[in-house]
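**Q** Submitted below is the structure of interest, expressed as structure tokens.
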Amino acid sequence: YQVGQLYAVAEASKSETGGGDGVEVLVNEPYEENGEKGQYTHKVYHLQSKVPQFIRLIAPKGALEVHEKAWNAYPYCRTILTNTYMKDKFMIKIETWHKPDMGDQENVHGLDKSKWETVEVVNIDIADKSCINAKDYKADEDPAIFKSQKTGRGPLGPDWKKELANNPNCPHMCAYKLVTVEFKWLGLQNRMETLIHKVEKRLFTQFHRQLFCWIDKWIDLSLDDIRRMEEETKKELDEMRKNDEVKGMSADE
């Protein structure tokens, strides 16, 4: 999964980049701090065409760029998104624990009782087509249809979770994501924080459906293969942003 996650990040970035918008990779390097080792990335998301119309109308120049700094020390990952225009009034933090279970652990991030009581738990079933936006649907990225030629995994039927829990020979994993959103703008705070949570759920669902259905493309790759691919992807993204048309997902309310 670690390899698959990195492969899918690179591929998904390409499908969202063009027409001046999309992903720009500034830094991608190993890091080590406080006994934690992993890969550090700093990316800029250019979002002019990705945000709802009402935001485009009020946003000044430069406000629609989001900086993402991520520390991937798999199985724990931490991602922080900020905006230079809004400074400390905007922040999205995504903390992820990857656990070899069926998603039945509670409070894996170890929040204190008062904070945990404010958390809304949202379960995402990657095989459930009803929970994705119709505009995002692609038959070749549907785990309920897809069958892996290399691993034999899939398709994921209506009882796939029960079947998986009862099959000790098949590896499985749950990504527990804790999403914290701050958008301090008078009159827009609740509307924007609700929208951002909605978009994050949509992104997580779409991304993990793709990751599963792309398994035959990444199952034989090593981490060294991924690092080479990331370097090539960085150059491709720069070209696509300049030369391709706008494409990919946009955030509707």
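Cβ atoms are placed via backbone N, Cα and C, with glycine included.
Heads up, TrEMBL stuff is auto-annotated, nobody curated it.
The model shown is predicted, which means the values in this text are computed figures rather than measured ones.
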**Q** Would you please say which range out of 14-33, 234-253 has the annotation region 'Disordered' in TrEMBL?
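**A** It is 234-253 that TrEMBL describes as region 'Disordered'.
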**Q** Taking all residues of the domain 'Phosphatidylinositol transfer protein N-terminal' (1-235) together, what is their mean pLDDT?
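**A** 94, rounded to a whole number.
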**Q** Work out, from DSSP, the number of helix, strand and coil residues along the compositional bias 'Basic and acidic residues' (234-247).
**A** 10 helix, 0 strand, 4 coil
